[in-house]
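To keep things clear, I will list the structure first and then write my remarks on it.
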Amino acid sequence: MVRHQPLQYYEPQLCLSCLTGIYGCRWKRYQRSHDDTTPWERLWFLLLTFTFGLTLTWLYFWWEVHNDYDEFNWYLYNRMGYWSDWPVPILVTTAAAFAYIAGLLVLALCHIAVGQQMNLHWLHKIGLVVILASTVVAMSAVAQLWEDEWEVLLISLQGTAPFLHVGAVAAVTMLSWIVAGQFARAERTSSQVTILCTFFTVVFALYLAPLTISSPCIMEKKDLGPKPALIGHRGAPMLAPEHTLMSFRKALEQKLYGLQADITISLDGVPFLMHDTTLRRTTNVEEEFPELARRPASMLNWTTLQRLNAGQWFLKTDPFWTASSLSPSDHREAQNQSICSLAELLELAKGNATLLLNLRDPPREHPYRSSFINVTLEAVLHSGFPQHQVMWLPSRQRPLVRKVAPGFQQTSGSKEAVASLRRGHIQRLNLRYTQVSRQELRDYASWNLSVNLYTVNAPWLFSLLWCAGVPSVTSDNSHALSQVPSPLWIMPPDEYCLMWVTADLVSFTLIVGIFVLQKWRLGGIRSYNPEQIMLSAAVRRTSRDVSIMKEKLIFSEISDGVEVSDVLSVCSDNSYDTYANSTATPVGPRGGGSHTKTLIERSGR
């Protein structure tokens with residue numbers, strides 16, 4: 001009986017099969033190759049890397065602008081005519097696309113690490129192009145329609161850059177294992193120099209990046225100013241329907257500094273609270289009076305307005321994803337809210353909070369078009385509300401307002417020079433948080449001008465503004481910000497310097513050690529395993545060298561792995577005698593030479 005010993009045994013290599021299979025659909029051993037990656041596939045790798053960076057930026061953008069999700073929804077509502085929570089599906093889609101691209105990039109880097117030829121599958125290429133094109137189009141659209149929001153990205157980096165730097169240093173340190181492997185395998189000195197110079201240029205640029213980082217929270221703790229005062233934006237709109245008595249009462253329960261309200265004049269001259277031009281979003285006007293749904297809210301009389309429900313929309317659309325957290329009693333109360341008049345707000349807030357009042361101009365055909373400011377002033381003055389607790393925002397007829405109500409805090413909603421503000425007797429500024437810098441805050445403070453910033457909902461943004469010395473902010477999320485005891489982080493400059501210098505030194509030491517280790521492991525390797533010989537006909541050696549190496553491997557395995565004594569005892573009269581009684585040669589007599597050739601060809605297959 002003849003027992004055959006296989007000339008070569010291959011381990012399953014499941015991890016390698018999964019690596020090449022998922023990336024390029026090359027699940028079989030014979031489909032893999034150690035050849036150099038083609039220029040075309042290198043171009044796809046560069047495109048993959050670029051797409052990774054772009055989708056990472058896009059994902060970071062949508063994660064950080066959650067402070068302004070409501071603003072984005074409001075913008076699209078005005079464009080499309082219906083309310084929906086658009087940022088959530090955008091964020092989920094972006095996260096899924098980023099995860100897919102990141103997975104492909106990890107697989108590509110693993111190909112480089114193990115010396116496998118990259119061959120991205122055509123389905124992945126289609127997905128890559130689709131994601132890249134979609135991201136570019138989306139970013140361009142946001143840049144045109146919501147261009148101010150890109151400034152939020154720069155502001156957020158003031159809070160995250162110190163920690164992103166440490167994370168980037170750690171990532172580059174881990175990536176150095178692959179770069180060092182390429183450096184060690186490179187046979188040409190010019191290639192090694194190029195790899196070394198390029199990599200360490202990037203590394204040292206990253207090490208010195210903290211010199212360009214500026215954050216208001218890098219400061220001594222003793223220099224931290226008081227916590228910014230909180231003004232409820234339309235009350236507490238995350239806990240109750242905006243501009244309702246319930247919303248303002250919830251805000252007062254938090255002991256806020258002030259309340260912000262938008263005032264509209266009804267057709268019969270009653271000031272009431274409404275932000276939108278129409279009633280469609282925040283009332284049930286489409287159910288009660290469909291013919292009035294698109295009419296301006298100020299073109300309805302107060303009797304009609306009182307018949308509308310101003311709370312059901314909050315429970316139905318759940319604009320801040322907070323309706324489910326309401327208690328049963330709050331849920332019932334919210335469901336039965338009606339439109340709030342200015343007189344009701346003044347009575348509720350009297351002696352309890354400062355009011356930041358903004359007036360919305362009525363249409364030209366409105367009977368109170370020319371006198372709506374006087375009507376509003378009379379309502380405030382007749383209520384007995386303290387004048388010094390009113391921040392008056394409208395710029396129209398400001399001299400008249402100062403004459404009639406000299407105690408009002410005149411507030412400007414536009415950014416102007418200090419001299420112009422002083423001439424207009426402006427005491428406060430009400431600006432978007434992206435409109436003012438730290439230096440401008442200090443300049444305004446030196447002229448005794450207080451600055452209020454809107455709309456601040458995210459704790460990270462509130463912390464940054466706290467460190468920057470902002471006196472007050474307007475917020476939808478006042479119930480959460482009122483519970484923030486201190487900035488999310490604050491670090492003395494010396495400690496921050498020590499942190500990034502230590503991170504850089506540790507990283508540099510590890511990188512040098514990795515390069516030395518990889519050079520020691522891979523620098524002198526010039527041998528080949530059977531798989532390399534079979535699947536790669538031109539790796540470092542000429543085809544003649546590969547043929548010679550095949551023969552050496554085959555005969556070395558014959559001498560080491562074949563049980564010669566058993567074969568001789570069982571098959572003494574066949575062609576195996578040639579191998580047992582003569583030296584192995586690539587080409588021999590009839591018996592041995594032909595069989596050797598057969599074995600070589602079998603091995604080659």
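Any Cβ shown, glycine's included, is placed from N, Cα and C.
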- Query: For which of N352, N581 does Swiss-Prot record the feature N-linked glycosylation site?
  - Reply: N352
- What does Swiss-Prot say: are T20 and S191 on the same side of the membrane? yes
- Message: I need the CA-to-CA distance for N352 (N-linked glycosylation site) versus N448 (N-linked glycosylation site), whole Å please.
- Response: 25
- Along the topological domain 'Extracellular' (64-89), what average pLDDT does this model show? 87
- Those glycosylation sites listed as N374, N448, and which of them has the most Cβ atoms within 10 Å of its own Cβ: N374
- Query: Do you know offhand how many angstrom separate N374 (N-linked glycosylation site) and N301 (N-linked glycosylation site) by C-alpha?
  - Reply: 18
- Item | Between C15 (disulfide bond) and C25 (disulfide bond), the C-alpha gap once rounded to whole angstrom | 14
- What else in the chain is close to the topological domain 'Extracellular' (64-89), if you only count residues 6 or more beyond its ends and a Cβ gap under 8 Å? 145-146, 149, 152-153, 156, 160, 281, 317, 319-321, 455-458, 461, 476
- Item | Tertiary contacts of the topological domain 'Extracellular' (147-160) (same chain, 6+ residues out, Cβ under 8 Å) | 60-61, 64-65, 67-68, 72, 214-217, 432-434, 460-461, 463-464, 488-489
- Message: Among N301, N336, N352, the glycosylation sites in question, whose Cβ has the most other Cβ atoms within 10 Å in this structure?
- Response: N352
